[in-house]
Amino acid sequence: MGLLSDPNRRRALISLLTRLNAPICVVCYMAGVAWFMGLAFEPFTLRTYMSENAMGSTMVEERFPAGEKALATGREFAAHKKKAGGMPVDWLVKTMQSRGLEVFTQRFSRTLPFPDENKERYMVKGTNVYGILRAPRASRTEALVLSAPCTPGDNNNQAVGLLLGLAQYFRSQVFWAKDIIFLVNEHDLIGMQAWLEGYHHTNTTGMDWSPLQGRGGSIQAALSLELSSDVITSLDLVLEGLNGQLPNLDLANLFYAFCQKIGVLCTTQGKLQRNDWDSVSGYSHAVQTMMLMVLKQASGRSWGDHGLFLRYHIEAATIKGINSFRQYKTDITTIGRLMEGMYRKLNNLLERLHQSYFFYLMPSLSHFVSIGYYMPAFGLLAIILLLRALDLWVQLTAPPPRTEDGVVDPEQMSSPGVLSVLTPLVISHLTGVALYTLPIRFQEMAVEHFPVSETEAVVLTAIAVYTAGLALPHNTNRLLSGGGTEQGWKVLKLVAVLYLAVLLGCTALINFSLGFILAITLVPVAAFVTPHVPKFLSAFIMIVLSPACTLLFSVFFFQELQEMPISFLDGWMLYLSVISQGILDHCLYGSLVYPLIALLVYPCWLIFWNILFWK
Amino acid sequence: MAAPLTLLLIVAVTIRAALYRSSLADLISERVEVVSPLTAWKRVVEGLALLDLGVSPYSGDVFHETPLIIYLFHFLVDYAEITFMLADVITAVALYLTVKEYNKQVFRKQKYALEADRYPLDCLELIRSPKEMFYIPLKVAMFYLLNPFTILSCVAKSTCGLNNAVLSLFILSTVKGNVLLSAIFLSLATYQSIYPLTLCASALLYLMQRQYIPVNFRRASFWWFIVQYAFMYLGSLFVIVCLSFFLLGSWDFLPSVYGFILSVPDLTPNIGLFWYFFAEMFEHFRLFFLCVFQINVFFYTIPLSIKLKEHPVFLIFMQLAVISIFKSYPTVGDIALYMAFLPVWSHLHRFLRNIFLVCCVLLTCSALFPVLWHLWIYAGSANSNFYYAITLLFNVAQILLVSDYFYAFLRREHHLCYGLYLKRKDGSEATLVLK
């Protein structure tokens, strides 16, 4: 409190902060970026370790024998799938019943707001089939889920085969203390959404589904399996769920521990782990892995079928089998043993997974960065905004016949009029609302008048509204007669800077990656924009750093990191499809990234744009 | 001045009515920041249902409102939205009239002091002009009605709005100098939530000042006035409590309302300081810490009344703030009431030191409450420590805000006595330090 109440020290501190404001901001920005890049450096990260006692100390023995039989089932499933031209419901029900499960089906249908061109679907109708293995050992109050998606084409047949094989094998075991639900869901996430909503009696997205006839206990953990070949070289663990939510780290630890034990190659983000952390290439490998995770998390999409479980407080991950050109292959029996081991450990759980971290980034499967380590990187960026706000505040209150601590001449406080500050705020938010509502609302009209498909119409409307917003500052200023005083923009900027700080802070808490990427691009804009900087150059920089361009760069960067560089034209097409996917994710599963950008981040950026053109 | 006030009331009512019709209303009425176990509308409805079934509403440990409230809503339950909007309007109008009257007195007092040449010469810039004071009552009404906290509280139908209305009527009748009404409304407010009991001191100080009774323990007139006021206050409290008893036919409500407030059995998270401590604490320390925490609310009355005995209205503001920070089940509605008084002290702005910091912290915390709640309860990735950290920060910011205003007020008074530009003995410029 000494610092806050002693006037001399206060004055010294404030004058220091205002005098050195720009250098401090630059240093903070550099430090923030450097800190973030340092996170992937192995000595700065922590080794993963199993925190959950129930899964750590007990040993389990894996004996799953029936890999070949599972493959045969998978082929049978493929044949029936081809014959039925979709989910072979009757066959699945019969097969699951013959394996001793209680089998139920759930029908669902959903019309998308506009056609999904990536997956070529518009009116979706499907059926989920699930069988429950009742726990013989305990009171059936808890459950585990194993799911495999039924995808069109030749994919994932082996996963369904293995799922059925495991079901048969698990049925003969007596030690299950939790119900195990074997779920084959159609239309990937849409089916999963229908099933989860049915299971939990909620309906958040207005989908039609028939109620579930059978239920297990409360679901403790879930794994989703994707296998498309008879043998695999490695298993990839996908953690990123809806809105960037991650499962408890213990689930990743469990997977890693069993891969080590059984001797299966395991990857995350499709990247193997390397041991040469002290070499440059080793470090850049870790950075790439972490950046991939950051980009995936920031997208707010669910990167596997597990993503929707997280919303219901269920720890879930997707395990993907990858078959590349490596010599060393793993057969399906081994994967079956791995799954068996994981489920037996999960079966030992006494309470939900909660011991380990929920906020983490993984530069490799064996190392992680926890929230305490990565938050300072964001904090260093956020502090810039606060410093700028303090600077503005001092300027606004100061032109000082300062007599004593904090005493300010009241004449200088002539307020610039609420209207001149409120109008840009309201207008930019209305633009945000337009960006949020118009694309879907106007697709029919756009299709009538322009030669485009519905999906293109939605995306192009969004881009058009976004661009049209840039024309606003001139109009706002014309509306306001005599509003553009020097005080006016300072007050507006103070409001905008604080707004951005709070917005980014909240975003970073929910989804660190998104918050950090937005901060990296928006903080410099917020820090330097005034009406007095060179207009043309600053306008260019602002546009380059605007949220839409950030997304464009992220798309290219993501492709680059995945070692699949693309040409500019392909990149642009990908960019358009990413936008449409973002809007679809919001409409279908309630992902929050699109509304966040449209309703809050974009208007905030527009305010800074407005300040640049302040007259 | 009536026209802007009417316009303001219309705007405020429109906002509330629109929010009642929107889908947000359900969401808001579930927020722990807005409703507490004492004030939740859901619980009032439950109490009403029990009452209709002929069961005591206090059986079942859900309902904790006072009997008068439940009988009020027994008749008004279909018009609940209108009732709550009306309560806000009454509060705003009462505050408006209060501040108008108070400003008149401040101005009169200042005029006498000026005529008597009591202010030092260099203090002229501290003198308040009628021009700057003209819009303050309107601003107060605006601060109350358009404060997001009030709007949320009203839309959630938190009975806190009714308590605020009673409190503001108490302040109005006190400032107008009506002893009987003051005592009656104070007893009503006390009956509602105990804590306004501490406002007794400020009301007494104000009324005595108005009737030119010196605060002197040796004077009979002083004691006679206290006895009069206490008689009216306790008498009306007695009447109200007895009325509750006759309405309900049992004393069930005493432990269920006042016992509930004082012993804090419900540890649902809220923006207060109690829940986390009492959830973490060993059971055998509970009583001790309960006393420590509850004393906070009452104890500050004594030093504050001594220090501010010349300025009872500022004392009321301070005590409202202290109550809303330290009470056992605070909601944002309580905060809104004392924040409505901030424009009254707008002349202190030049002496405020941390207002920027405090505003930033309050703003950030208000945004972080729902985010951390989501992470804790829905996503399951954060935990109660995150939420409590923000609660703590929010309360620290409130305390800083109030103490800043307290300091600024005292400082202005000091300058009015000794001149604005203080010199040390050797002639150099002096600074005032709060230690």
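Using N, Cα and C of the backbone, Cβ positions are placed for all residues, glycine too.
The annotation signal peptide is assigned in TrEMBL to B:1-25. The transmembrane segment annotation in TrEMBL covers B:68-99, B:136-159, B:179-208, B:229-251, B:257-278, B:285-302, B:314-342, B:354-379, B:385-407.
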One stretch in B:229-251, B:285-302, B:314-342, B:385-407 has more Cβ pairs under 8 Å to the transmembrane segment (B:179-208) than the rest, namely B:229-251
Quick tally over B:229-251, B:285-302, B:314-342, B:354-379 of CB pairs under 8 Å to the transmembrane segment (B:136-159) gives the top stretch as B:314-342
Stretch winning on C-beta pairs under 8 A with the transmembrane segment (B:229-251) (pool: B:68-99, B:285-302, B:314-342, B:385-407) is B:68-99
Answer key: the stretch among B:68-99, B:285-302, B:354-379, B:385-407 with most Cβ pairs under 8 A to the transmembrane segment (B:257-278) is B:385-407
Suppose I define contact as three or more CB-CB distances under 8 A, residues 6 or more apart in sequence; do the transmembrane segment (B:354-379) and the transmembrane segment (B:314-342) meet it?
no
Given the transmembrane segment (B:385-407), its same-chain partners at Cβ distance under 8 Å and 6+ residues beyond its ends are 269-273, 275-276, 317-318, 321-322, 324-325, 335, 342, 345, 348, 351-355, 357-358, 361-362, 365-366, 368-369, 372-373, 375-376, 434
